[in-house]
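Notes for the one structure printed next.
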Protein chains: 2
Amino acid sequence: MSDQISDLIHEAVNLDDESDSELLHSKIAVQDEADIALLLESLPLEQRLSAWDAVPRHKQLDVLVEMRGDPRETLLDATPDEELDALFTDVDAETLLELSDSLESRLLDRAVAAMDKKQRHLFEGANQYSEDQIGHWRNPENLILPLTAKVSDAKRFLRREIPDYADCIYLVNRAGQYSEAVKLFKIYSTPEHTPLVDIAEDDITIIKAGEDCNRAALNVQRSGFTSLPLVDDNFKFLGRVDIGSACELLNESYERQLMAGAGMDEDEDLFSPVKKSAKNRALWLGINLLTAFLASWFIGLFEATLQQVVALAVLMPVVASMGGIAGSQTLTLIIRGLALKQVNPANLKALLIKELKVGGLNGVIWAIVIATVASYWFSSGMLGVVIGCAILVNICAAAVAGVGVPVLLDKLKLDPALSGSVILTTVTDIVGFVAFLGLGALLLL
Amino acid sequence: MSDQISDLIHEAVNLDDESDSELLHSKIAVQDEADIALLLESLPLEQRLSAWDAVPRHKQLDVLVEMRGDPRETLLDATPDEELDALFTDVDAETLLELSDSLESRLLDRAVAAMDKKQRHLFEGANQYSEDQIGHWRNPENLILPLTAKVSDAKRFLRREIPDYADCIYLVNRAGQYSEAVKLFKIYSTPEHTPLVDIAEDDITIIKAGEDCNRAALNVQRSGFTSLPLVDDNFKFLGRVDIGSACELLNESYERQLMAGAGMDEDEDLFSPVKKSAKNRALWLGINLLTAFLASWFIGLFEATLQQVVALAVLMPVVASMGGIAGSQTLTLIIRGLALKQVNPANLKALLIKELKVGGLNGVIWAIVIATVASYWFSSGMLGVVIGCAILVNICAAAVAGVGVPVLLDKLKLDPALSGSVILTTVTDIVGFVAFLGLGALLLL
């Protein structure tokens, strides 16, 4: 990622005559694929399409692979069918797997049909696994030898170009089942006639193709190896999972979590078309509107009280927001714990007790602070009592909901990062308003 | 990460007699360091300390390295000084760099003093760079040869154990400046007398030690190499940045962003002591309280209006929350854009216009929906007009704040992921309440 890209964004946005455009295009053409992808994602639609024209044909597929889903689709949508067909005529399996979500089925079918037998086999093999399974993301560039091979065989084999992130040769039996891995550098320091099994690693982690891809990615990252062997349920060797993919999968999963907090996904385009973007976000606003109306409905139950003690209306946001903030802290900690597998049925009770203690302690402290401020502000000691109690109740409810909501969502196989905070704030809003206005009705009327 | 760990958490939490405890300890002792770290982080304090006793001495330092800051400190705090001194007597520079944030200065000084000259030199060299700079995280296990070396020299050199994530030998000149990198596998397929410079890579990315560590980590990940050479400002070779560290640095930075959204940091302990945890979170609650009181103060300006039209009090949360949600969507997109370097002064204006268009479109749609519901609910067409206009104003203000707040914070070198959402919701709360209650005062009284 170079500073040059910032300059190119600036030039592309502020372009005003034809000759500048040619110069800019020639500068874009020489950037590497990831930089071009970043540039395209950073440009408004019109300038993006113009810059896309500058990308040399042989870089186009790799640039598309580097891009996120939505900005990539803006380019594919604007490209005429015949150009797309030409672009995808000799695509390989790995590239097509990365892009297939963005392609119309007509184009996808044509690209698969145009593949040679080997690539089609790889494509179909990977598609036997879902995108959440590591089998979908295998690296098919393998170094395999039979179990009976010797160091001399390995040396002969290694004269060809060695793929990225390869640090072992894998030994398979006659049935194609994975058996052992031999570190490449050991091969060079061992006498020629030694059987490879004699210098094999005995504690290498094996990845099953059906495994969750984040879990597998973490295993690769932790192993110290640059790749781990991938097998199916019968231990048939399928390929490798390399640390490059592992890193990408983890980055994507974090980005998904970050975007999910605002009801978006990681493919969201910085410059998506206005209508599409408005539509994407409308659902989230709609869900949130329902929960806001629900909270309003609860407030509506206390209309008579509010009319008599207008100070309650003035202080409502304080009660709701303290609950929301306290709850979101617990929620964030638990969501991370679930992702890291720190949170388990076994430690849930201890966790709930701890969060309740933290909530209780902070609840008491802030209840006193807020009660004092409110009493002075509205010259009413009883109002202070009411808001203090409501704050304490709401912060404790927030602790319970902060632990309970994400755990429950996780059990229901729903993503706590996506819906956790909406549900949590609905709970803290309603508990806060009802406790505050209910106590107000009891003690202030 | 194995399922065994879930079982061990369960056993540790539900332990009830002495003999079980011995069995459990023997099971813990054989796990690998990262699994033990995960187990310890997942246990309540008392059980955590008991499980820590089961960790064999030779694994203890590595387990501490794998743990997050706060849970690690609970263990260090509970360990007697003499045991700590013993543990840190022959620590290496890399381990001490990872742990130094958690150590008291007395212990740190003793550990540094006990180091041999080479390790102390490495430790001090890394500490010339801050934790945000990649120079702090160099991998000192190097493969370097003089610029004049031949393939035969390299082969001799490679007979020793090769460190993890090594895929190149680096060539340096007499002044110790980095010059070229040679892929290991090329060495084995090239005749002995060939000078190494003849088979060197010409397009390898060089990392400067002063570079931002996330940027450097992304460069390593994108390079396809398992390490890139690290140099100082004078191109003196300092070591390598390997993909293992790159992956960890990126994971940490994402975790920091996720936790920052709730005002916490990535070191937060699932089971931190109640007092410590309450204190950590109190600051965030306090800041939020100030903004909530500010919003209340603005509501207070309209007390008379609220007293006469209590429906306004009932509907206040709808106005505030629609603004908050719309704003947080824009904010999340911009924060990601800043982190990815997609957002630049050059495209800021185009971005603001796009977000205002999206906000305007969604604002009009939801204003109509909400106005309709409110008119029927309270049988007042004028109330519908008031809330509709307030919603439209607030969603547009949210778009402006969603773009402006994070960009401004970033310019001020403040972390938008940490303080962005507090400031944003303060803006949308106040704009929402003032627009809604102000229009109410004008049109409904």
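Heads up, the Cβ atoms here are built off N, Cα and C, so glycines get one too.
Just so you know, TrEMBL annotations never went through curation; they're auto-generated.
For reference, TrEMBL has these:
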- B:31-134: domain 'Magnesium transporter MgtE intracellular' (DOMAIN)
- B:282-302: transmembrane segment (TRANSMEM)
- B:308-335: transmembrane segment (TRANSMEM)
- B:356-378: transmembrane segment (TRANSMEM)
- B:384-409: transmembrane segment (TRANSMEM)
- B:421-444: transmembrane segment (TRANSMEM)
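The stretch in closest packing with the transmembrane segment (B:282-302), judged by the count of Cβ pairs under 8 Å and taken from B:308-335, B:356-378, B:421-444, is B:421-444.
Outside the transmembrane segment (B:308-335) by six or more residues, the chain places 257, 295, 299, 302, 343, 351, 355, 359, 362-363, 366, 370, 374, 377-378, 380, 383, 386-387, 390-391, 394-395, 397-399, 401-403, 405-407, 416-417, 420-421, 424-425, 427-429, 431-433, 435-437, 440, 444-445 with a CB less than 8 A from a CB of the stretch. If you look at the transmembrane segment (B:356-378), the same-chain residues 6 or more away from its ends with a CB under 8 A from one of its CBs are 311, 315, 318, 322, 326, 330, 384-385, 387-389, 391-396, 398-400.
Helix, strand and coil counts from DSSP across the domain 'Magnesium transporter MgtE intracellular' (B:31-134) read 76 helix, 1 strand, 27 coil.
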